[in-house]
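Worksheet: one structure, shown below.
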């Protein structure tokens, strides 16, 4: 049996069941485990309760139960500058960002990793559902976990080799129900705690209300692709490509089909809408992605390859051909079949079978050579 007692793992504990079980499993495997609660946001919910205080109390209970030391670290300043300012700037540009991807690359696997190394950690761990394997050359590869329904490789897609080689994913071969069972069997305080949902710093709060506290909303016209005014929008930042809900538009003489957001015109402050799920304006043949990241290192030359991809969380993989450009670290990605509602600002994530190759940020979508008016 391997002696792990001299290997220190610092576990980022959120106060949720997943990171609680991660810490427990590592402790059971004999590692020298230290729990750390990260406070990334000054979060008070709509009822005035500071959820971080409640979460830290749960971390204390779990750490005491499994017998590990615990600390709390505040990354609010780093989070504001590296994640939240990016989030706001993307919305100002009319894009729909994914701050959780940025939070992982800049905070959880950067600021937290640095802090853990100062605690003499050999590895870090959290409650993510992902898996890593090491090849014969010593390179660490990111793989999909056993629980495909909880697969979080999408959100980890912009980490690099130096980051993932320092990570253990204790939940790699477990399903969420199994994690709950382990927590219950070991009497962990978080065993029945519900999962957090939505963007981490918004939590259960109303999204529009939250965003309006930081960005002034400017109402404007809702127009059809040919310019006909059909309504008024509350602010372009509140809408995303392909959105159906919340438009407040009814059927017309021509059609009873629901309306969808098919574009944005920032200069005119107009939201472009059209009836019908299959609006041609929602389908792209290719996209342009920037800031590409690959787990095993960026190619030092242009390369073309076929793989599968996701351009939003939880969607099924779609076949793509990737043309990577080494000079500016961008990629042109061609879909095997036209793809619906490709949204600038979201993450593009590439897969080869069970392996997650990496990803980048979606900048634009095209129908052949024509750029879709998505921002």
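Every residue, even glycine, has its Cβ placed from backbone N, Cα and C.
Swiss-Prot annotations:
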ACT_SITE  103  active site, nucleophile
ACT_SITE  200  active site, cysteine persulfide intermediate
BINDING   12, 13, 14, 15, 16, 17, 18, 19, 38, 127  ATP binding site
DISULFID  103-200  disulfide bond
SITE      128  site 'Interaction with tRNA'
SITE      346  site 'Interaction with tRNA'
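Around the Cβ of residue 14 (ATP binding site), 23 further Cβ atoms fall within 10 Å across all displayed protein chains. Neighbour counts of Cβ atoms within 10 Å were compared across the binding-site residues 12, 16; the minimum falls on 16.
Between the alpha carbons (Cα) of residue 16 (ATP binding site) and residue 103 (active site, nucleophile) lies a span of roughly 17 Å. Here the Cα atom of residue 128 (site 'Interaction with tRNA') is found 7 Å from that of residue 18 (ATP binding site). Here the binding residues for ATP are 12, 13, 14, 15, 16, 17, 18, 19, 38, 127. Their largest Cα to Cα distance works out to 15 Å.
Counting every protein chain shown, the number of other Cβ atoms lying within 10 Å of the Cβ of residue 346 (site 'Interaction with tRNA') is 25. Cβ-based neighbour count (10 Å, all protein chains) for residue 38 (ATP binding site) stands at 26. DSSP assigns residue 38 (ATP binding site) to a strand in the three-state reduction. A gap of 12 Å separates the Cα atoms of the residue listed as 'active site, nucleophile' and residue 38 (ATP binding site).
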